[in-house]
Amino acid sequence: MTDLLSMEGIHKSFSGVKVLENVQFSLRQGEVHALMGENGAGKSTLMKILSGIYSKDAGSIQIQGTESAASSPKTAQALGVAIIHQELNMIPDLTISENMFLGREFKWGRTGFINWSKMAAEAKSYLQQLGMNLNPDSLVGELSVGQQQMVEIAKALSMHAKILVLDEPTAALTKREIEKLFQLITTLKTQGVGMIYISHRMEEIFQISDRITVLRDGRYIGTRDTNVTTMDELVQMMVGREIKERFPKVETKIGEERLRVERLAQDGKLYDINFSVRAGEILGIAGLMGSGRSELAKALFGVGKYQGKIFVNGKPVTIKGPAEAIKAGLALITEDRKGEGLVTDLSVRENLALPNLRTLSRLGFISHRLEQDFVEDSIQKLKVKVHHSGQEVSSLSGGNQQKVVIGKWLATQPNVLILDEPTRGVDIGAKREIYDLMNQLVQSGVSIVMISSELPEVLGMSDRILVMHEGRITGEFSRENATQETIMVAATGGKSHG
Amino acid sequence: MGKVRGKSGILQRMGPLVGLILIVFILSMISSDFLTVGNIFNVLRQVSINALIAYGMTFVILTGGIDLSVGSIIALSSAFAAGMMASGTNSWLAIGIGVLSGTLMGTVNGVIIARGKVAPFIATLATMTIFRGFTLVYTEAKPITGLPDAFGIIGRGYLFEIPMPVIWMLVAFGVLYVILKFTSFGRHVYALGGNEEATRLSGINTNRVKILVYSISGLMASLSGIILTSRLNSAQPTAGTSYELDAIAAVVLGGTSLSGGKGWIVGTLIGAMIIGILDNGLNLLNVSSFYQQVVKGGVILLAVLLDRSKGK
């Protein structure tokens, strides 16, 4: 049987820089083929070539045995290639059926008037094919992220997609939504759709894929059958060096209490939150999306009004805004790097300096020398890969951007560092560096509150774990007593203590 | 600190300047009257009013905002100043109060936008009408005349052969350039325009920055109003009408992004000069004022389109 898709000897350069070199990739009917590699390995370039956004410099692309390189996203569509992007491309103010058939509306003959009932019926039938019982007339903006993604997949099917590229599909989904997505992927397999699955999450890849291909630095490293390979082998393929431990947790001396929160509440978001963190301790906070984890982080940082008491180093503090939070010795690294962490138009230097301008200025004037020294120092300490500090921060990879965000906060010399999804969208090598950095920080007596959706990360790095559900703390576990299962029970609302 | 960054930075920076040089070159070819000292000072004097307003507008636009009320601020603040002078108040005091009132009008804009969370376009559209209305009430829709002779120096005087308005334009440029480039407040302006949420979470009081930029815009508008009043030797109730458009055009021609975060004040000065020289050149060439508007609009459109194609 010929492969559904076969890409061979793909080359691509951008202004002289080779980004893909002799890369191959194949996909069979009804197969889930995972594509892995660190950020910058060439995964997205390869997928952009497949979907006609970029053209290849050399190589062949065959779809069902015939040479058929897409020259634009439109021709890719005609060839049956569809990409579900990480950031969904849906218009929130339009209905499901309007979104599904955008630009291809069913009309009454050639009149230009839309045949609403037919469109709704068609939309419904595709949704049902995927086992979804959504009203095609409901607005997309009212759906959860998971549901929106399903609608986007239904849209791809309505365009008769045979090859479906899923780019980090679970990044924004809850556990339950992920299960639903996986069910759907299984359904699609039986229908003969081939799927390319891009993800950083090892556990998922082992759960859902049939084969795994690894790219590194624009080169093809190898393809493995999922049931014979191991995580360690894949990690080694991806980074080209062995990472003995994924989570290099070190033991630290736990000291004095740094932060204590008593009966913290925020209307409709947080209820009766009590906890404390000590110097040298990493407190993990687990929970599903929407459980109030990020809201808690923001409340501590003075976003929105709160009730309750916050103590830093034993002293009560009132935090009315980020400026006061910083003064009290808190730092928040938010989950939304682009939206809340960085000013992407500004340079690495300006981003690093932003919360530290007061100490870098004299009488309101920024001292060029102080700023330059500080920035060079930060870049070196955090091993940020940049050409020069004036480089736009948006030109960095996810991992390096995250290091810039961490760097800008470290300079405020926080007592308590709140990390919200510190390694989201960060490749394995940079992840390890971020963990090492967290270790250094706790060893120097900083307290870390780490919010994460990746349970292995929470289990691997925390000294103590809190679990949240619907704005409340529903579980607290010591490092020794925590398991994925007990955390999930608490995260879904079952009370348990370890 | 490169304010217009990235690979296209140099091009984007030089674009307006190249455009300016090109226009000067073309005009000096076709009109022998153009490149004379007298005419150049004449152009610069005309440019100065718009440049001063556009400087303030640059701060506002860098934060991603817009200030439509500058024309009305000019009218109301100069009416206050002229009214006081006409009734015998000390000129300096009258000027001070006029400028202060304009700054406060800007502060009002800023407070409405920052604390009231009203879109800048709507907020300043409303205050544009309100300030104009107050001007008409205060002046009873009549020009205020009978200003002291000494006051005329500000707008009509010379310093070493250079018209005073040109001096004001250059001094203000220097001060604002330094503020924008070397102070932490200047950095906050860029950061706020680039990403408000990230800036706020970095512990910066973004409301304060917003209120300040609109105050600066009000301050600059009232300063240009004082110069205008001095030049005309009277305060006109309709002074400054539609001046906001030329100011915005100058900022945009200078390469500052309307969505905020990117741009520089040097570009604004160049943009204001392009507009002024175009007006002057077309006058020298006896182009009817109706066609002048068509040409001016066309140039702005062309500049923005060129900028677009470079950015992509």
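If you go along the chain as it appears here, the first residue is 1 and each next one adds 1.
Glycine too: its Cβ is placed from the backbone N, Cα and C atoms.
A TrEMBL annotation is a machine prediction, not a hand-curated record.
For reference, TrEMBL has these:
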TRANSMEM  B:20-41  transmembrane segment
TRANSMEM  B:53-80  transmembrane segment
TRANSMEM  B:92-112  transmembrane segment
TRANSMEM  B:118-138  transmembrane segment
TRANSMEM  B:158-180  transmembrane segment
TRANSMEM  B:211-229  transmembrane segment
TRANSMEM  B:250-278  transmembrane segment
Taking residues 6+ outside the transmembrane segment (B:118-138), which of them lie with a CB under 8 Å of any CB in it? 60, 65-69, 71-73, 75-76, 79-80, 83, 105, 108-109, 112, 237, 241, 244
Counting only residues 6+ away from its ends, which parts of the chain sit with a Cβ under 8 Å from the transmembrane segment (B:92-112)? 56, 67, 69, 73-74, 76-78, 80-82, 84-85, 118, 120, 123-124, 127, 131, 154, 210-219, 221-223, 225-226
Sequence gap of 6 or more, Cβ distance under 8 Å, 3 or more pairs: do the transmembrane segment (B:211-229) and the transmembrane segment (B:250-278) meet that? no
Six or more residues out from either end of the transmembrane segment (B:158-180), which same-chain residues have a Cβ under 8 Å from its Cβ atoms? 3, 41, 44-45, 47-49, 51-52, 55, 58-59, 62, 186, 189, 216, 220, 223, 227, 231, 264-266, 269
Under 8 angstroms for C-beta pairs, at least 3 of them, ignoring pairs fewer than 6 apart in sequence. Is the transmembrane segment (B:53-80) in contact with the transmembrane segment (B:20-41) by that rule? no
Same-chain Cβ contacts of the transmembrane segment (B:20-41) under 8 Å, 6 or more residues past its ends? 161-163, 166, 270, 273-274, 277-278, 280-281, 284-285
